[in-house]
Every structure is written in structure tokens, then in C-alpha cells.
Amino acid sequence: LCCCEYVDRRGRRSHLAACCCDCQELDEGCDRWLACRSLPPGALESIAAAVADRLRVPWVSGAVRINVSLVPPLVLLPVLLHVASLHFLLGLVILTSLPAVVLWYYYLTHRRKERTLFFLSLGLFSLGYMYYVFLQEVVPRGHVRLSQVVALTCGLILMLAALSRAKKDPGYLPVPAGSEKAPHQGVLSKGGRGITTSGAASSRAVNGEAKGYSRMAADEPEGVKKDWCTKCQLVRPARAGHCRLCGRCVRRLDHHCVWINSCVGEQNHQAFILALSFFMLTSVYGITLTLHTICRGRTPFVALFYCPGVYSDYSSALSFTCVWYCAIVTAGMGYILLIQLLNISYNVTEREARLALRDNTGRRLLGGLVIDTGQYNRGFLCNWGHFLSLGSSPPQRSAEDIV
């Protein structure tokens, strides 16, 4: 392949110069539209798939496909922030509607069981763009010392390092060989030997997550039950769960985090908490430095709500708008970090809390912020000691697997 050639989703060689030609799905859709006929079911999805497959850039080994979910944050975020800096009312409307749009997109992809790079792209580009605005608009004013810039930069680097570690293997259970060929073997034919399960149980899901249920082998004594995952075709250890988005079982599964586009489990939970903590410290520090610069003589909390004359020049207005954007994101991440710290203190995962709410087996504590299942709670110090030791020993020697 030359740098402008690629192999499309149908396995045929194509060229970037012909991206707008010979699109059968689009041609059929336009023909039906001109003839005032309705599109067949799935036509729009087929057109979108064809367009996404042809969205590529030249590369050394052939044209590389661009993930469509990466584009909106890179284009819309700077545009919206610059528009919001033009007037106070524009900023109020945009900064109020932006979280609503992000939540809507989250529930849309969550309902469709889709993995998307939108949130990871939004988070990383937001960090980069906020840092750029800080260096371009705030530092040249002369009120920020070099040591403060270095401290902010170090916090950002440490947060990215922890985020990179959090994106690694969360503790996936090895998939048995040949299980991918039989994903729907939850029901065996009558008289068949081996594993027997009920068809109703194989189709059940808890909050979108495939529920593991008990299986009994023909050669095992009656009453011996194990947690069996029909999707991965394996016996899961205690506290493991199946992620419907990743399609894998994860040891001590907490939840699937869209901000890192990966699961949070036994192997990366510590790095996830560390990344959130570094983000909170760095973000609050950057907000404080910016408000001290553009709203002189006022405390950061007062300046966040009352900073007269901030819209008198565009540079101050852009910095103030970015501060509010950072404050909204920091508040959301702070809530996630608070829930995580409370769950760790009671030794409960998000998945276990959801199951306890569904089965009405847990206790709501601290106004419903945490659900105590009581199953693994051994006290504050023991719970944190257990969390800090996650991933330090081989998985098969984990004491909780024997429970």
C-alpha cells in the first residue's frame, strides 16, 4: 500500500482520492430520498459505518483510519470556550449545557453497550488546552512565579503517568481456549453431560452487566456451586465480574470507567485513585493561580463568583471561562473520588454496591453515598490495608478467592 491507499471494511483496496466516490450505501440512500421513499432499517447506520471507514489520513504503511469519536472534543471544545468568552450570558448558556450534552452522550453509548474514545479524548484534550491557555494568557501577566509553573507542570506529568498506568491491564481473567467460538453455550441439549444452566439465567443482566450464576458439573457432588460466566466460559473467583463493554471478566471488578476507556479492577484500582488525586490537586492549584492573577485582591472562592471587569478584555474573559470549565469538571471528578474513597473505607466495589441495591441486601450509609454490604468490611484500617496491597501478590494466592 502507498501512503494514500487502504483496505476498507469489505477487504477491498481503495484510495483516499476515491473516498467520495462509489459509496453504495450513500447512493442508495440518496436515490430513496429523491424518490420520496423511506430508508430501510439500518440504512443510516450503514451509511455512518461507510463514512467512518473512509475517514483516514495518509501514513507510511497506508492510510490510517481516524476514530470519529476523537474529532468532536478537538473541534468543539476550543470553539465553545472562545464563544463563551464573548459575553457573560453566552458563557452561562454554554457552560450549563455542556455537562448536559456530555451526560446525554454517556447514557446514549451506555445503553447501546458501545466503547468510545470520546470521553478519554475530551479529558486529555481539556488538560492540554487548559495548560496551553494558562501558559499563553495567565503566565505572561507576570504574577505567576517560575516555581509555581514548575509545580503545576509536575502535577500534570504525575497525573498523566498515573493515568497511563490505570489504562493497563485491570486484571483480566484468562479466556479459555476455544471459548470465543461458543459464546452462547449457556444451554445444553437435553441429556447432554457437563454443565447445565437455565436459559432464563443466561439472558439476565444486572445494570447491563452479564450476571454470573451458579453452575453444577455432572461429576461434582450436589450442593457444590461455583460462579460461572457464560460469556467467557470460565469459573470466576470471588468479587470478579464480567464487563459488558470490554467483553472480559475482571478480578475484583469495580466499574468500567469511560474517562480511561477501560475497566477499574484489582490491578489498576490504585493507579486510578492516584490519577484522580493528582488531577484534583493540580486542577485546584491551577484554578487558584489563575484567579489570583485575573482577579487581584480577592480570595479564589469569591473571585469565582464575583470578579468585576473580567470581561473588559478578551484574554481575561477566556481565562475566567476556562476557570469555570475546570471548576465544573473538578466538581464532577471530586464527587467520583469521594465515592471511591468511601467505598474503599467500607471495602465495597461499585459493582457490589449496585448488586446490593438491586437485591436490597446492603445498608445505605452517609446519606446514601455508600452502600455497605458487610461481606468484606473488616474495619477502616484493615480495609485500607487490603486496598493498598492489591496486586502485590499473585492472583491465585488472593485470600478472597477462597471465601
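Quick reminder: no glycine exception, Cβ is built from N, Cα and C everywhere.
TrEMBL labels come from automatic prediction, so no person has curated them.
Features reported for this protein in TrEMBL:
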DOMAIN    225-353  domain 'Palmitoyltransferase DHHC'
REGION    177-203  region 'Disordered'
TRANSMEM  79-105  transmembrane segment
TRANSMEM  117-134  transmembrane segment
TRANSMEM  146-163  transmembrane segment
TRANSMEM  271-294  transmembrane segment
TRANSMEM  314-338  transmembrane segment
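Residues 81-82, 84-86, 91, 95, 98-99, 126, 129-130, 133-134, 137-138, 273, 276-277, 279-280, 283-284, 286-287, 290-291, 293-294, 304, 307, 369 of the same chain sit 6 or more residues outside the transmembrane segment (314-338) yet have a Cβ under 8 Å from a Cβ within it. Residues of the same chain lying 6 or more positions beyond the ends of the transmembrane segment (117-134) and with a Cβ under 8 Å from any Cβ of it are 67, 69-70, 72-74, 77-78, 81, 102, 105-106, 109, 152-153, 156, 159-160, 258-261, 286, 289-290, 318-319, 322, 325-326, 329.
For the domain 'Palmitoyltransferase DHHC' (225-353), the model gives a mean pLDDT of 91. Across the range of the domain 'Palmitoyltransferase DHHC' (225-353), the DSSP-based residue counts are 68 helix, 18 strand, 43 coil.
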